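The structure appears below as structure tokens.
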């Protein structure tokens, strides 16, 4: 059963190794250590009055430029180190300058500033060619820039990457709005015949991605103010998300606007959320289980006698499975506006980290901190159906394929396994699915397309064949 990477949606482009000869510098901006290819030179340059944030040699090596928090850019002779000019006279920008980048022909310079603009300079005549206004908020400050062949890019404080248009400075050609913080959770949903991926990050930011093109954007308005811990989509097409800001939000996926949408304030910080038919939402909080009906809190179990961690609602809507830190899964029945404990324990092999019902409701999969996935048969009274071993570290997430015969698991070992329900030995192993961090969440777009995400702030699509 082979697999292959289909798409990677990431926020940072790969760049070629630069040709800068600067080795280091004094943070106060007085001393620079650089090399001319044969020796290392220490030179005192005290033109700037504040910290120097960036130094770049021109590609031809004849000049180098320095940019500082004092809003000035100085051009120096690349061989002698003598100052040639100050771009823009007394000031190049009205705010501190964080980055500069030379054009390939060494005649122009791109600068990025905290004054929320980027500029193109003609170095030979010491004049501004274009000014790119990037917005008016604090998050529109420009912290980085790159001139790569015909492409001009700038990086905003928000983490957005802007493709600048020399012919129309007032509007970027393209803006990449990926996450700049670690992604904690994701879910998928089909809208208007197109499949979309929804991802939530540590800073409360939720992004939606076109699964075919990778084009993405964020919801309008003010949303969560802290980490998004879990998301799912209910039967009415609303994104239901819980956050460390102690809220559960209901956001219409057609409007994609937080304004005027349902927000439920909880007494305790939520960890996980699951939805069922009939407008039911079950939220697992620290030391508490909460039942919501039509976006209103109607019942809670306080101090249940164990620490609940994760929750899943049976597709039929009558049963709730809650996994605990004590290594057990407890079953509850939804009776109108209450939850009834069925006094039935399903034993996992360690502290439960995720639970998931198959789409047909026939099986319940449970993963734990002891690196094991246990599958229970619902029709057989939740008897143990099979046990799956393979991960080398704690498993943190589960997701069933639409075919109900396969499911995927992701772990702290940075691996993803796609398991076959009827045969634990038949599996697909995706090693180093995310090389920098562990897999934090996964979901299926269809029977052969798996989506994974990680604290590396990227979303990946995998094509899985059996």
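The backbone N, Cα and C atoms fix where each Cβ goes, and this holds for glycine too.
These features come from TrEMBL:
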| type | residues | note |
| --- | --- | --- |
| REPEAT | 45-86 | repeat 'WD' |
| REPEAT | 90-131 | repeat 'WD' |
| REPEAT | 176-219 | repeat 'WD' |
| REPEAT | 388-429 | repeat 'WD' |
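Long-range neighbours of the repeat 'WD' (90-131) within the same chain, counting only residues 6 or more positions beyond its ends whose Cβ lies under 8 Å from a Cβ of the stretch, are 50, 53-54, 56-60, 62-63, 65, 67-73, 75, 140-147, 149, 152, 154-155, 162, 164, 166, 169. DSSP places the residues of the repeat 'WD' (176-219) in helix, strand and coil in these numbers: 0 helix, 26 strand, 18 coil. Note on the repeat 'WD' (45-86): DSSP counts are 0 helix, 21 strand, 21 coil. For the repeat 'WD' (176-219), the model's pLDDT averages out at 90. Helix, strand and coil counts under DSSP for the repeat 'WD' (388-429) come to 0 helix, 26 strand, 16 coil. Counting residue by residue with DSSP, the repeat 'WD' (90-131) contains 0 helix, 23 strand, 19 coil.
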